[in-house]
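Enquirer: Got a structure for you, questions after.
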Amino acid sequence: MKARLLVLLCALAATDADTICIGYHANNSTDTVDTVLEKNVTVTHSVNLLEDSHNGKLCRLKGIAPLQLRKCNIAGWILGNPECESLLSERSWSYIVETPNSENGTCYPGDFTNYEELREQLSSVSSFERFEIFPKESSWPKHNTTRGVTAACSHAGKSSFYRNLLWLTEKDGSYPNLNNSYVNKKGKEVLVLWGVHHPSNIKDQQTLYQKENAYVSVVSSNYNRRFTPEIAERPKVRGQAGRMNYYWTLLKPGDTIMFEANGNLIAPWYAFALSRGFGSGIITSNASMHECDTKCQTPQGAINSSLPFQNIHPVTIGECPKYVRSTKLRMVTGLRNIPSIQSRGLFGAIAGFIEGGWTGMIDGWYGYHHQNEQGSGYAADQKSTQNAINGITNKVNSVIEKMNTQFTAVGKEFNNLEKRMENLNKKVDDGFLDIWTYNAELLILLENERTLDFHDSNVKNLYEKVKSQLRNNAKEIGNGCFEFYHKCNNECMESVKNGTYDYPKYSEESKLNREKIDGVKLESMGVYQILAIYSTVASSLVLLVSLGAISFWMCSNGSLQCRICI
């Protein structure tokens with residue numbers, strides 16, 4: 001018995017088989033991603049898809065400076081408010097910048113009809129030609145073109161008027177009917193502006209236009225309207241009890257616009273031949289202009305990023321990432337990062353992919369660790385690693401390309417009478433934004449789940465590749481490792497790694513070693529059987545003696561009576 005036990009212990013102590021393990025890369029990365037099933041999964045490599053930083057500056061867009069309206073707004077600029085005179089020389093821009101507190105708009109009080117629509121039209125204009133549509137001196141010879149000034153539009157301490165409009169008044173005590181027209185020969189849309197004056201009393205009406213009842217008629221192929229002045233006393237605004245209403249239209253190439261009036265016309269002086277450009281827009285910002293270039297501008301600052309998403313601002317100009325409400329959009333490209341404890345088991349095997357990754361393998365994602373008489377070491381499987389890198393890179397690029405629809409997103413304008421429409425529009429925009437955010441987050445969650453499963457599958461495939469080569473020349477010992485039944489030097493190990501392992505060459509040696517191990521197992525089984533028999537007999541004897549002693553004690557004190565009946 002002692003001899004058999006000694007054989008078993010010696011066999012176990014002498015075992016020092018060659019081993020090969022399959023595992024994957026690990027590092028000191030702290031990147032975390034989310035998947036459909038898990039939150040904050042630590043991974044070896046990942047890419048960020050969400051831009052959350054800007055430079056806080058206004059920059060040139062693709063080398064072209066923006067039009068800064070400074071203290072003026074769109075109305076003051078396009079009508080020619082005297083306080084906005086410095087803007088008259090501007091001809092082209094990449095985008096238009098208003099400030100939140102711009103104060104110079106319509107200097108003479110009144111309504112600007114369809115002003116929000118005009119802003120929308122101008123948001124797509126990148127340049128224009130400002131030209132005299134009706135020359136001041138020759139177009140209105142029977143009317144006064146110089147006395148139409150007001151303290152409401154003062155400039156340098158003197159009464160003045162809009163630089164793009166003419167306030168026509170009586171001349172030599174007369175205001176004859178006027179009839180003038182313009183044919184658009186510019187080859188592009190022309191923006192034409194005019195106004196109608198509404199005096200506060202009949203006296204002013206007669207003084208300015210020499211008649212109590214007047215009209216203004218404006219006609220083109222797509223515009224036809226007749227205006228009648230509304231004479232009424234009103235609260236003073238900017239010192240004026242009268243009002244001027246402002247109007248505009250876009251004149252198509254070849255179209256004609258005709259003006260007919262017998263009073264109260266604020267006539268066009270300058271008009272604008274518009275050139276539209278992709279990527280232009282209007283933003284409201286307090287940021288200052290700097291010497292910098294960008295492809296994407298927001299009211300908060302410029303974004304220089306190729307990422308598909310941003311959470312900085314929903315209003316953007318240029319080639320910009322899509323705005324989402326997310327705070328994190330990170331796509332995994334590597335593997336789960338679970339560095340294993342580099343402990344050695346009974347046979348000295350390094351823990352494999354079941355327990356964690358290997359920080360010692362730095363030249364690939366998947367690979368091997370071997371140990372034999374010549375030593376031990378890591379080696380990456382370059383083919384499977386490269387195939388995985390190519391596949392994941394293509395996937396990431398595809399996701400970025402599909403989601404990276406860069407565009408301008410400007411805010412919509414509504415007047416005070418369109419509050420319900422504005423609220424509805426905000427709800428619709430919020431709904432679309434929620435959908436975009438949900439789609440982006442769901443896409444990343446799904447792709448992260450697929451990528452991690454893809455890596456797990458690649459490790460398993462590599463394991464099955466080794467297993468199919470070794471067959472019964474080695475045994476699985478767990479942790480992604482195999483223990484050879486034969487000696488496997490470095491050349492042998494290399495053949496396993498590159499798929500050229502010669503199974504027949506080592507099968508005889510493996511068979512003999514396998515039989516020896518099986519014999520030891522059989523001997524040990526005999527030892528275990530003898531021990532089991534002895535243990536059973538001894539336990540039975542102890543039980544019988546115990547029962548006899550208890551019975552004798554109980555009979556002696558009368559607790560148990562024994563009767564034998566014949």
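Even glycines carry a Cβ here, placed using N, Cα and C.
Sharing the features that Swiss-Prot gives for it:
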| type | residues | note |
| --- | --- | --- |
| SIGNAL | 1-17 | signal peptide |
| DISULFID | Cys59-Cys292 | disulfide bond |
| DISULFID | Cys72-Cys84 | disulfide bond |
| DISULFID | Cys107-Cys153 | disulfide bond |
| DISULFID | Cys296-Cys320 | disulfide bond |
| DISULFID | Cys488-Cys492 | disulfide bond |
| TRANSMEM | 530-550 | transmembrane segment |
| LIPID | Cys555 | S-palmitoyl cysteine |
| LIPID | Cys562 | S-palmitoyl cysteine |
| LIPID | Cys565 | S-palmitoyl cysteine |
Enquirer: Once the DSSP letters are reduced so that anything not helix or strand counts as coil, what is Cys492 (disulfide bond)?
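Expert: Reduced to three states, the DSSP call for Cys492 (disulfide bond) is helix.
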Enquirer: Hey, what's the Cβ neighbour count for Cys492 (disulfide bond) at 10 Å?
Expert: 19
Enquirer: Under a criterion of Cβ-Cβ distance under 8 Å and sequence separation of at least 6, what residues of the same chain contact Cys84 (disulfide bond)?
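Expert: Cys84 (disulfide bond) has long-range Cβ partners Leu69, Lys71, Cys72, Gly76, Trp77, Asn104.
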Enquirer: Between Cys492 (disulfide bond) and Cys296 (disulfide bond), how many Å separate their Cα atoms?
Expert: 58
Enquirer: Applying a 10 Å Cβ distance cut-off over all chains shown, what neighbour count does Cys59 (disulfide bond) have?
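Expert: 24, counting other Cβ atoms within 10 Å of Cys59 (disulfide bond).
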Enquirer: What count of other C-beta atoms do you get within 10 angstroms of the C-beta of Cys296 (disulfide bond), across all chains shown?
Expert: 25
Enquirer: Would you mind reading off the Cα separation of Cys59 (disulfide bond) from Cys488 (disulfide bond), to the nearest angstrom?
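Expert: Cα to Cα, Cys59 (disulfide bond) and Cys488 (disulfide bond) are separated by 66 Å.
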Enquirer: Using all protein chains in view, find how many other C-beta atoms are within 10 Å of the C-beta of Cys72 (disulfide bond).
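Expert: Around Cys72 (disulfide bond), other Cβ atoms within 10 Å: 23.
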Enquirer: Can you tell me how far the Cα of Cys296 (disulfide bond) sits from the Cα of Cys107 (disulfide bond), in Å?
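Expert: Each residue's Cα considered, Cys296 (disulfide bond) and Cys107 (disulfide bond) end up 34 Å apart.
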Enquirer: Which of Cys107, Cys153, Cys292, Cys320, Cys488 has the fewest nearby Cβ atoms, counting only those within 10 Å, among these disulfide-bonded residues?
Expert: Cys292
Enquirer: Check the Cα-Cα distances from Cys488 (disulfide bond) to the disulfide-bonded residues Cys107, Cys153, Cys320 and tell me which is shortest.
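Expert: For Cys488 (disulfide bond), the spatially nearest of the disulfide-bonded residues is Cys320.
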